[in-house]
Amino acid sequence: MPKASHQDLRRSFRALTSSNSCFHTASVFDPMSAQIAADLGFEVGILGGSVASLQVLAAPDFALITLSEFVEQATRIGRVAQLPVIADADHGYGNALNVMRTVVELERAGISALTIEDTLLPAQFGRKSTDLISTAEGVGKIRAALEARVDPEMSIFARTNAAIIPVQEAISRVQQYQAAGADGITIVGIRDFDHLAQVSEGITVPLMLVTYGNPELHDNARLAEMGVRVCVHGHAAYFAAIKATYDCLREQRQILGSESNMSATELTHTYTQPEDYVEWAKKFMNVNE
């Protein structure tokens, strides 16, 4: 079977987001997972920023991974991927000028779409990690991303977190990002369909929801009816791989019992030690949450 070009895959993604259906992402974190996802019939994959940090650094999701490290992993995936891959590009790795560089590098890596979020990252001295940048700065980042794009088929989605801001502010943000020219809007933190209807008021571009498996949002037909074209449930495949690796190596070492009763979440916590980063943030950055 002939290999699809990067532009072919970008066109495929645009066809998905132009349809009347809602598609669910496969978590892809390396070339093998991308191959498996395509073979199993997934229409779209996503390289999560948190997963890239775990895969490349064995570090928690504290915006520690650099653009170069993220792009290297995206390039490895893009070399073999036969399904469109979305890159969770976090905050674009800096200001609007950094966003332009991010877009250039991820486009060359073969990514079909990317998201740029308005979270204030990395965490700032004396500021909460859940703070958002101003809407004006977020608009500037989206405009910069569009300016930097060479292939018009690559999609650029603006992302915001509706869980930590009032509904009216969320509405204002997504409407302004749409007006800035974003190809789509990614929303985190939607509670239920009523909340989705409020926040997406006036939005005509495709929606991407990051639900983390929220049971209140499991009606796929209703998601599609409300303009959601991509749904991200999380990265279960990656965490299952961590668990399987641990259990396999544990068995090889002939440790009593073929499987441990440690969950993937517990294993991830054990090997990344996020509490260390929280303490360092308190100690060196005056961040107390």
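Don't overthink the numbers, they just go from 1 along the chain as shown.
Heads up, the Cβ atoms here are built off N, Cα and C, so glycines get one too.
For Ser50, Arg159, His235, the entry in Swiss-Prot reads substrate binding site. Taken from Swiss-Prot, the feature Mg(2+) binding site applies to Asp88, supported by sequence analysis.
A Cα-Cα distance of 9 Å separates Ser50 (substrate binding site) from the residue listed as 'Mg(2+) binding site'. For the substrate site, whose binding residues are given in the record as Ser50, Arg159, His235, the maximum C-alpha distance rounds to 18 Å. Across the fold, the C-alpha of His235 (substrate binding site) and the C-alpha of Asp88 (Mg(2+) binding site) stand 12 Å from each other.
Its own atom aside, the Cβ of Asp88 (Mg(2+) binding site) has 22 Cβ atoms within 10 angstroms in the protein chains shown. Cβ-based neighbour count (10 Å, all protein chains) for Arg159 (substrate binding site) stands at 27. Within 10 Å of the C-beta of His235 (substrate binding site) there are 22 other C-beta atoms, taking all protein chains into account.
DSSP classifies His235 (substrate binding site) as coil under the three-state reduction. Following the DSSP three-state reduction, the secondary structure of Ser50 (substrate binding site) is helix. Note: the Cα of Asp88 (Mg(2+) binding site) and the Cα of Arg159 (substrate binding site) are spaced 10 Å from each other.
Within 10 Å of the C-beta atom of Ser50 (substrate binding site) sit 19 other C-beta atoms, taking all shown protein chains into account.
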